[in-house]
Structures are given as structure tokens and as C-alpha cells.
Amino acid sequence: MNNIAGRPLNGVVVEDDDEDEANGDGLEAWERAYTEDRSWESLQEDESGLLRPIDTTAIHHAQYRRRLRALAATAATARIQKGLIRYMYIVVDLSKAASERDFRPSRMAVIAKQVEAFIREFFDQNPLSHVGLVTTKDGVAQSLTDLGGSPESHIKALMGKLECSGDASLQNALDLVHDNLNQIPSYGHREVLILYSALSTCDPGDLMETIQKCKKSKIRCSVIGLAAEMFICKHLCQETGGTYSVALDESHFKELILEHAPPPPAIAEYATANLIKMGFPQRAAEGSVAICTCHEEAKTGGGYTCPRCKVRVCELPTECRICGLTLISSPHLARSYHHLFPIVPFVEISPSSQNDPSHNFPNICFGCQESLLSHGNKPELSVSCPKCKQQFCLDCDIYIHESLHNCPGCESFRHSKSVTIA
Amino acid sequence: MTSAPSKLYADDVSLLVVTLDTNPFFWTTFPFHFSEFLSQVLAFLNSILLLGQLNQLVVIATGCNSCGYIYDSTSNRNHASTNGTMPALYSNLLHNLEEFLARDQKLTMPHAPVTVPSSLLSGSLSMALCYIQRAFRSGPMHPQPRILCLQGSTDGPEQYVAIMNAIFSAQRSSVPVDSCYIGSNNSAFLQQASYITGGIYYRPPQMDGLFQYLSTVFATDLHSRAFLRLPKSLGVDFRASCFCHKQTIDMGYVCSVCLSIFCEHHDKCSTSLYLARLNQMLPQQTTGKERLHNVSGLITLILSCPSRELICYVS
Ligand SMILES: [Zn+2]
Ligand SMILES: [Zn+2]
Ligand SMILES: [Zn+2]
Ligand SMILES: [Zn+2]
């Protein structure tokens, strides 16, 4: 264990070394450039006109700022009013305009890729919610998948239908979505996310009437454009309380679509607190055999049993095919609890105040034990938790707020509160 | 559930992060002595390092008032001090553990608790995950990380949300959480943690042979696990406890806004109402620090509402 220094396995050594030297490991620099996906896009020109790779810390900082904005927004609205059970239709425009190649390789391919990432992220953040897919082309709208809770089936359906032709029809798509969303229970939060490539819409009637109809049914419509801003889309979003944005490039598009994954701040009248009857099935022991209702075949191994009618299902969350009971497991509920109890943003410690002996920072990240001193033993930019006063590196800061949702410092010290109240 | 981004693992190099339960309240009531336990665990940890010279080992102590790193095989300090009689691992780890235990004891509340307090598993899990993220950042070739929880204390219901958050984060970055639970009843937290992240949950039936259990079940790297018959899960209890009577229920009512669980139908969800009242009651200045931040404290605060019995606890 003494001789690992210098090998790429050792994180500390890699970061301190020149990157070209340390990451090499048998590959030349130009070879590595091609192994990484689309590396030519991450180049920028410096003052003297030379091409240089973009400094990744800039990207990290951008993410960090975006997160802080989002957190500030959630703190401003009442915490508890989150529409946690969402019914969302994603309308994908597959008109001729989607075959444009201003996005690489084409708008359609970029949309498909990002919709896939979005659907996974959406179910990660909204485990009780449902998504449906609608496509519009040749002047009509077509329902691709019904509202459902399984990410795989949506992704499979979309990937099988990637052909574009004709014109998009906003009205037909909205009418179809409106009819479907009108049937869902009142506690659900109705949303439409339209990914619009076209600059026109081919409608059979008055689109304004349809917009008013959606507004009356409290359907929140959001549009992400891929071409240019359109008045009618802006009007639709304004009327129904959604957001309208136009993507500049692929990474911007990704950012815009992922903004729709966390639950929107529900306006009080939109989401009413309702108690919904749900079942919590137990997982059967490995090795038991039963016929499941979802695939209609005998299966060995862990499955879940509907507590009301005792049939076997393979996956949670789902709706029992026999009795219609919503089946979930308690971890599915717990997945959403971090929205109810977000952690506060950490405050930045400027390098100057770190030198101040009165603060006495250890200059080691509390989370990952990484040294916060740069080459010249000068403190780097770091953050600290306002509650437990522990110091963290920027990478941990982003990880803690975007994935972990726990402050390791606060969790590592028993707080008096839990003792005094219990 | 979600597919993690493809990672180029060095396929037989492991990064093992161990959380070690040092809760004195548990060990004083447990028939097996802590020092005997430790000697078997140390032998196991040493064997991990001997299995491959690139293997990395990190040990985090899970105390009852605090958590702390007590060993890191990559840190330079640990290579220097070999005194000839003991491997460096033993002397370093024992030295840091002693310091940690002394610090942890100083933090103990003056009034002795009535029940055996749980150890801060949520803290050590969170730290372990932060450490593993650092390994992911270290470049395209990084060791395969996994977490092993050596736990004996009972689950602390007030940590439920924090532990679940950690489990989901581990699942998202495909880090398996193995658990070796030595307490008398099964730990529902660790059972779920191992099930959700694809790790192994095992309760050794005999403490004397702990080293044998550890080395046969938990020493195998992730690549080799595919070829072995490791202990299978004996079913996981995913039933929920209602917030109102703490009964285990298989059917119930869930509030569509806050997801509280109740065993019978109410007109309004009391947790939502309580939260709304809490929002109005507390002055705006305390928003950041007192109210929003302390996840587990807040849950206790919220759930100790009207009936004072509402602990969100999954059995
Ligand atoms: Zn049923
Ligand atoms: Zn860190
Ligand atoms: Zn903190
Ligand atoms: Zn009850």
C-alpha cells in the first residue's frame, strides 16, 4: 500500500499533478480527446486566439449558482405547498422542423436523448407521479403512451417512434392532453411540457379557445422552444401559469428541461391536501413462485403482493390491475421527503477570512477529507454550513445539495433538540 | 432504479468505507466485548488491504454524539509510523479510535438517557458518501467503492429521513451498502439500505466466528460477487407505520401534499395543518437556521405535533 502514489487511483495525487501527465495511463492526449464524447465542443479561445479547454471550475460554479437560485426560490414560497403528485404529459414535436440539424446530430435526436434523461430524473424526484407522451406531426396529435409510472415503457415507446414529417399542431396536442388530463383525480397536479421545434402551428380551429379551456382545467402548460420565441407559446404559458423558454444549445436545453423535474411550487388552490388510499405491499422472500398480473406468467423470486386482493405484482409503484389500489413502498414515499425539508445553502468562506486566525478553519473538507489548500498552501474557495459551522469543498457542496440532501456535519452531531422534545 | 452513468472501474480494486459502531451505550449492554469485536474486525480490515495492494480502506467511527474519520489508507501520515510490532493499520486506527472515543464521551449530555440511544448512522453514511464522491472525481480510473456498516445499536427513528436520503444517493451513484448487523433484532434501516443499493445484509448468528463471517461474506469485491452464492435476502418489510398510532399497516391513507401516512381516513391531514401553523408561528428570522436546516430535528418537531406520538418510523 506504499507504492500507489502516482497511480491514477490515488485521487489526491491526480489533482495535484498536471492533468496531462496523471490521467495518461497509456493513452496519448489526442487519443483521449476522442474517447471522450464531443470534446471539441468544450474548447474556447483565449486572449491570444489559441484554443484551450474550458476550465471546468466555471461550469461547476454555474451549476452552483443555479442551485442557489432554485433554493432561494423554494425558500420564498411556502415549503409545504408542493404538488407532489403530478400528472405530466410531455408533448414532443416531430414535425419537419425537428429534423433541422442546428442541434447535433438533429433536434429530434437531442430531444429524444434529453427526454430520456428527464423521465428518469422526473421519477427519481416525483415517485408518485405519472407521465404520458404525446407526439405531434402531420397536423395531428397522437398519444404515444398513457399516463403511467414506469420510466422504461415511456422511453421504449419514444425511441421506437422517432420519425418526423409534416407540421406540428399545438391545438390538437392541447385538446388531446386536455381530454386525458380531465379524467385524473382532483388531488393530482396537471402539467404539460411541450418541446416545440416548429415556428408555426397547423390548427383546425381557434387555438385561443383551447388555451382558455386548459386554463379553466388548471393545466399548467410549459413550452421549451428549440428555434425562436413564438407569441402563441408565450401567451399559452402566461395564461396557464407555466414557463416559456427557448434553448440556445444542447446543454442549455438540458438545463431547461431538468428545471421541470423538481415539483413546481403549487399555488394553494391548485393542490388541495387530500388523503389517498394506498397499499403498502410486502416483498416476498427470494425463491417463492407466483403468477404476476403485469406479465401474466409464473415468476420466481421477490415480488409484491397486493394487500387487498392478494395478487402478485413485479414492480412498485403501480396500480393493482385487479382492484385498482395504488401500491407503493414506504421508501417511495421517503424519496420525496427531502423536498419538504430542504437543507439551507452553505455560505462561502472567502480565502481572506480563512487566514483570519479567529475563525480557525481546519482547511480540510469535513465531508471528503480533501485538503482545501492549493499548491502554494493558500486556502481555496470553500463553503461552510451555517448550522454546524463545518467546512466543505465546492464539490461536496454541490453533491450535498443536489444528491445527498443531508449535511454530514449536522448529521454527525447529536442535536439537543431531538432529546428535549421526544 | 435509474441507470448510473457508465463508470470505468478498475475492475478488481476496491475502495471499502467501513462505518464502525462505537456507541458505548450499546456495547455496555451487549454480551460480546468491544475489544474482542475490534480484534476480529481489525484482522478483517487488514485482510482487505492484503487482498490487493491497490485496495483502499477508510474507517469512520459512528459514535453516539459524533462521527469521525479514524483511518484512511491513502493518507500519507498512515504509511510512516510502523513500530515493528504491529501493522501500521492497527496502531493508527487504535490511536485515532481512542482519541475519537474520548472526544465523543465529552459530548455526552449531562443527564443520562433513559433508553439506549442510537448511534449516528446517518452522519457516518453521509460522510462515507462524500468520500466516495471524491474517489469518483479522481479520474476515469478509480476503485470500485462500497460501504460496509458494522452496526449494533438499534435504529434511531429520528434519523429516518436522513438515512433514506443517504440510501437514495448511494443508489443513484451505484454504491452498494453492505450491512453486518450484530444487534438482537433486525435493523429495518440497514435491511432497506442493502436491498435498495444492491448490497448484502447479514446478521451473524454467532459472534465468536465474526472474522469468518466477515471474510467470507463481505471481503469479496463487486466483480467476484457475481460468481458466489452470497446470503440471499429473506424478504424486506416495506410496510409503513402510520403517523397516528405507529401501527404497522399494509393499507392506509397518504396525504397528497406532505405524504404523511394515516391508518384511518381523516378530513384533513394533521401534519400538513401543523406544518402550515408552524410556518405562521415561527418568526421569519429563524427560517434559515432553526426551521429548515435541521432535518431530523424538524421531523421530531413536526411529528411530535397534536398527538405527540407521531414518529415517522418504518418497522
Ligand atoms: Zn389489488
Ligand atoms: Zn469535500
Ligand atoms: Zn450542517
Ligand atoms: Zn394510525
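From the backbone N, Cα and C atoms, a Cβ is placed for every residue, glycine too.
Note that the structure is a prediction, hence the values are computed from the model and not measured.
Straight from TrEMBL, the features:
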COMPBIAS  A:14-23  compositional bias 'Acidic residues'
DOMAIN    A:87-226  domain 'VWFA'
REGION    A:1-23  region 'Disordered'
ZN_FING   A:306-323  zinc finger
Close approaches to the zinc finger (A:306-323) from elsewhere in its chain (Cβ under 8 angstroms; 6 or more beyond its ends): 127-128, 149-150, 279-281, 284, 290-295, 299, 329, 332
Number of helical, extended and coil residues in the zinc finger (A:306-323), per DSSP: 0 helix, 4 strand, 14 coil
Reported mean pLDDT - the domain 'VWFA' (A:87-226): 89
